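Going by TrEMBL, these are the annotated features:
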- A:40-63: transmembrane segment (TRANSMEM)
- A:97-314: domain 'ABC transmembrane type-1' (DOMAIN)
- A:101-122: transmembrane segment (TRANSMEM)
- A:134-155: transmembrane segment (TRANSMEM)
- A:185-206: transmembrane segment (TRANSMEM)
- A:237-256: transmembrane segment (TRANSMEM)
- A:296-317: transmembrane segment (TRANSMEM)
- A:328-350: region 'Disordered' (REGION)
Amino acid sequence: MTRTLEPDTSAPAPVKRPGRASALTYKHRLSRMDVKLSPYLYISPFFVLFGLVGLFPLVYTFVVSLNNWNLLSGPGEWVGFDNYSAELADPLFWNSLFNTMSIFLLSSIPQLVVATAIAAILDQNLRAKTFWRMSVLIPYVVTPVAVALIFSSMFSEQSGLVNHLLSFVGVDPIGWKTDVLPSHLAIAGMVNWRWTGYNALILLAAMQSVPRDIHESAALDGAGFVRRFFSITLPSIRPTMIFVIITATIGGLQIFTEPRLYDATSSTAGGAHRQFQTTVLYLWEMAFQRQNFGKASAVAFILFIIIVAFGLLNFLISQRIATTDSRSESKRAKRQLSRTLRNGAKEPRA
Amino acid sequence: MTDTIIRAESAASTPEPVAPKLSKKTKHKGLGIDRRPGFLTYGILIALFAGGTYPLWWSVVVGASPSSVLSQEWPPLLPGGQFWDNVAVVFDTIPFWQALLNSVLVSTIITVSVVSFSTLAGYAFAKLKFRGSNGLMVFVVATMAIPTQLGIIPLFILMRQFGWTGSIGAIIIPTLVTAFGVFFMRQYLVDVIPDELIEAARVDGANMITTFWNVAVPAARPAMAILSLFTFMMAWTDFLWPMIVSPQNPTLQVALSQLQSARYIDYSVVLAGAVLATLPLLILFVFAGKQLISGIMAGAVKG
């Protein structure tokens, strides 16, 4: 870019020896342009592309949602917020929101607890560390589509493995696909199966960054494994837990693949009675099967606001925790440290 | 963070080593925090391993058997000899090789694009001073929490208007850049390149892009590898958008989902397809698993 500048742009420079000095100023100017413009040049591909394919569609979603807009016939008349009031009064929309929340809670809470437990187990002085770490990550390399197909077969009501095994212990077949709670459990199971190990590794990393001397001094004071886990490990990994919760929320509220492919025999997406139709699935059905782009966009925008609100809430909570944490924690760490020094040595000079 | 600060402080405040350091041995024996865990721990880990791999094993077993195996009195434990017969049905039902090729192309192009643009922007945010850099970086971080996936309806309208539906390009375009990539590269580069190195290169007369190429890119390589891995996985597993915009020219995931679109589902065929589609990633995992793990763990500490 800057190379195309004409040399004469650097002409007005007071010089003694015209030839060399003006060449210097030209070079100098060129390099200053280089320094000034390059950063913008480097970030512009991201911002231009992100604006075009990320942000613009979101804004345009809002525009579409204010119109009667059919998949085939295109934009119709302007209807203001009618699509929103129609959706907010539609029990099917609320049903999808309920299903999404239910599946989200069933997947995120047990997942967080189990992932923390797995991380604590992996955070020991294990033999063959890498092998165990890899082994908890295996489900992550199975794509959601494949996971949905596999679980769909395992939870099949007639010939599925789960009901088959349950029959051996005398449990009657469970309606894994027809009933509300069982289907939510099965879908949450897919999410949990694929993501728990992944999140365990994130939490493991946080656990390993806890300073060892804090553990040591606590152990010196007679704190056992469990006590140290609850008093040291858990408080120190809280920021990472919030990170995990935020990503799980953003992903969990947009769940689509698993419920879409869970029961392919049903003619309605998300079960014959929409018993596991999530909001993105409802949105997809509204747009591409019922062909109502206007209403589907309204649903997308409402969901967008819900997710952003969740994100903000998480952010605010984590900010508060982080500020109080860093204060109390550095104090606590200092106390711990000075105690270690005192125990081990004569007198720490502070 | 606080840890290193405190360490530095205590080091500064105690000029001579007053504390007789506990020897390694006594530390380990006395406190027991580095003790080798017992059988219980390994028992749990083996159970986890079994739970994590069993669904895959199940799909191998069923995928290599006739579908009648599901109505036996006992659930099958070992694969039958029918895998290739089932695979043949998979090949008849879906354009498997075309879909595989599409997936490879889509994921590769997205990965190259995301990693290049993220490295460029991440380097600028980490190491270059320019007006508005802080504000723009906040914007990048904020957009990480925005579900851009919800813009699919206008994207679809646009793609149809351009006549791009059913093409690989339409699948690729929405994910050419990610805010996460920029954030990730920035976090990595901010620590890893000393400012002096850039200054030295500049003093030596290197212009900005040469400095980027010769100083930043070599330093960024490990992070670029990790970002590549994650971006590739993301592109490879994506389902919603490829299914909407290009069902007639599917990626592997879309093709796989079409295996069970019939009214009657032959799970042997479906699971044979699932096994076949999972194999490439499993092989990748065997070779790149360590990097994937270190990437996940690095992201956690940095993020």
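Just so it is clear, glycine is given a Cβ too, placed from its N, Cα and C backbone atoms.
TrEMBL entries are annotated by machine, without manual review.
Not measured: the values here are computed from a predicted model.
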Distal contacts, the transmembrane segment (A:185-206) - CB-CB under 8 A, six or more residues away: 103, 106-107, 110-112, 114-116, 118-119, 122-123, 133, 136-140, 142, 144, 147-148, 151, 155, 176-177, 236-237, 239-241, 243-244, 248, 252, 255, 258-259, 262, 276
Residue numbers, six or more beyond the limits of the transmembrane segment (A:296-317), whose CB comes under 8 Å of its CB atoms: 58, 61-62, 64-65, 69, 83-84, 86-88, 93, 242, 245-246, 249-250, 253-254, 279-280, 282-284, 286-287
Outside the transmembrane segment (A:101-122), six or more residues from its ends: residues with CB under 8 Å to it: 129, 132-133, 136, 184-185, 187-188, 191-192, 195-197, 199-204, 206-207, 229, 233-234, 237, 241, 244-245, 248-249, 252-253, 255, 259, 276, 278
